[in-house]
Ligand code: ACO
């Protein structure tokens, strides 16, 4: 059977790391408040020479190197972001050019924090239908550029970064590697709970992130628990079969509550929110890359990727590494 198999992963972070204490010098907050409510201790913030496109290119190149594949072998790039370098062209096309690629399809996907799951679902469909053979899937964000630095309820929660995976269509055995099941959802009626108050077709300005944190928290736990059960059922697995969950890194308390609801031991969660904060579409591939490189995620492991974000949008993918 044809499956989308992950050949390698890579990630990139901005040079500047900002601790909670440093942030508390500019914003009315404290290390203690941020740590207790979110688990975040620091975040990386892009400098003037760093953009969603440059971070995405660095992560994609690292993923190519890790996979032992050159840009000449790639015939698709899909990049998930809510903070593109420009309104258009798609940042994926800039990454294609920066990597020395030409001719093949390259486009962006916008599903905010669930963006990487939406990008992976799209790529998986294209690979299994034969539209492409080998793709780079990227999540890259510079949320620091859309934060209201006067709003302490949101600006302490986010960071910048990028993660990428090289994914190839391969003919594998039933118990072989690859993406086993993916589910994606959206509920646009909740668009006012987490959004950016600008856009090219409305204000003509980029706008700033606005969020009703408590409401988002409640929906996140419910939606993530139910999509994980759906994906496990689709793939014929039970929670106990999972080796690692690589969740969207929004908040330690959302991760804990979701794991508890499913009866998953906390040791099975890959948690990077403390170091990276919430990097939106970049958080899942960034966390995956960290856990694969430090030896936690190994070949043959059953890994669940999951995310929820503005829209609301949410989704999950189960894969055999
Ligand atoms: N520093 C210090 N105090 C703060 C800060 C801050 N940065 N932010 C808010 N406070 C204060 C508030 O003003 C309030 O004070 P008051 O009681 O005097 O009015 C108090 O802390 C409590 O505020 P709440 O908003 O009720 O705090 P809550 O316990 O709900 O925690 C948080 C807020 C962390 C945002 C929480 O609601 C949450 O985690 N929500 C999930 C949102 C999220 O993670 N979104 C990410 C994007 S969506 C996603 O990725 C899934």
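Keep in mind that glycine also has a Cβ here, set from the backbone N, Cα and C atoms.
Quick look at what TrEMBL annotates:
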ACT_SITE  113  active site
ACT_SITE  248  active site
ACT_SITE  278  active site
DOMAIN    107-188  domain 'Beta-ketoacyl-[acyl-carrier-protein] synthase III N-terminal'
DOMAIN    232-320  domain 'Beta-ketoacyl-[acyl-carrier-protein] synthase III C-terminal'
REGION    249-253  region 'ACP-binding'
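Overlay of TrEMBL feature records on the structure.
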| residue | record | CB count, 10 Å |
| --- | --- | --- |
| 113 | active site | 33 |
| 248 | active site | 33 |
| 278 | active site | 24 |
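Mapped onto three states, the DSSP output places residue 278 (active site) in strand. Secondary structure from DSSP puts residue 113 (active site) in a helix.
For residue 248 (active site) paired with residue 113 (active site), the C-alpha to C-alpha distance reads 7 Å. Across the region 'ACP-binding' (249-253), DSSP helix (H, G, I), strand (E, B) and coil residues number 2 helix, 0 strand, 3 coil. Across the structure, residue 278 (active site) and residue 113 (active site) place their CA atoms 9 angstrom apart.
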